Amino acid sequence: MSLILAIYGKGGIGKSTTSANLSAAMALKGAKVLQIGCDPKHDSTFPLTGHLQPTVIDVLDSVNFHLEDVSKEDVIRTGFAGVDTLESGGPPAGSGCGGYVVGETVKLLKEFGLYDKYDVIVFDVLGDVVCGGFSAPLNYADYGLIIACNDFDSIFAANRLCLAISQKSQRHKVKLAGIIANRVDYEYGGGTNLLDQFAEKVGTKVIGRVPYHDLIRRSRLAGKTLFEMEGPGKEECTRPFEEMAEYLLAQPQATVPQPYHDRAIFEAIGGWR
């Protein structure tokens, strides 16, 4: 059976860059990994492959949405460290339902029988959980992961995601494996002081601290993982992903989170320092 991870976080928080480097780190430790981008922008796997690949919705459209006419080779590409990649895609901006496409992608994966082929499957899911379609990966995941920064908007979104995971856990096996702190800045951004307090309050922990570093920005522009980059700070940037990969591959200590009510999170964060 595959270890299935669903990664969420506020829009623009760095989910795709983080997911790609985490997938690469697990692959470098010997795991066979599939990363699935669940965003109409279809750029989740760009750091792994160096290009934008055909999406599931593009391929389905070309065969008039007959699933039986689609093969694995039509939608899956292999990127850095042997990580297989797939992009669900979505409808044109301003039309259709992206959640429907996520559901169709999951259906296609089940048709292919891919859950038995991989050691790890990573769902990189867009923004906040805004509808049932985008929460679909939680129906299949062993663990949810939340990416967040040390600021109010990010923590507010993380709390909403904790609520989604808590609700899904009532009918499915999914639990929260932890929070990944991104763009950690100890000089000007408070490090992870707010995130640490939030994690403790909702019953989880910060499992990784990814620094705010220019090498990460440049890796995204280059369409590469951090492991392929050269320059100052490489070890500082790759170490958190190596540590998180070890943690996740070794059956993490997961919990069902206990999120705040929306009004309560406003009041709580205002008193944190």
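From the backbone N, Cα and C atoms, a Cβ is placed for every residue, glycine too.
The ATP binding site annotation in Swiss-Prot covers G12, I13, G14, K15, S16, T17, K41, N182, R183. Counted within 10 Å of its Cβ, the other Cβ atoms near K41 (ATP binding site) come to 15, all protein chains included.
Summarising the annotation, Swiss-Prot assigns Mg(2+) binding site to S16. S16 (ATP binding site) falls within a helical segment according to DSSP.
For C97, C131, the entry in Swiss-Prot reads [4Fe-4S] cluster binding site.
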Least buried by Cβ count (within 10 Å) of the binding-site residues G12, S16, C97, R183: G12
Max CA-CA distance, Å, over listed ATP-binding residues G12, I13, G14, K15, S16, T17, K41, N182, R183: 22
Surrounding CB atoms that lie within 10 Å of the CB of G14 (ATP binding site), all protein chains: 20
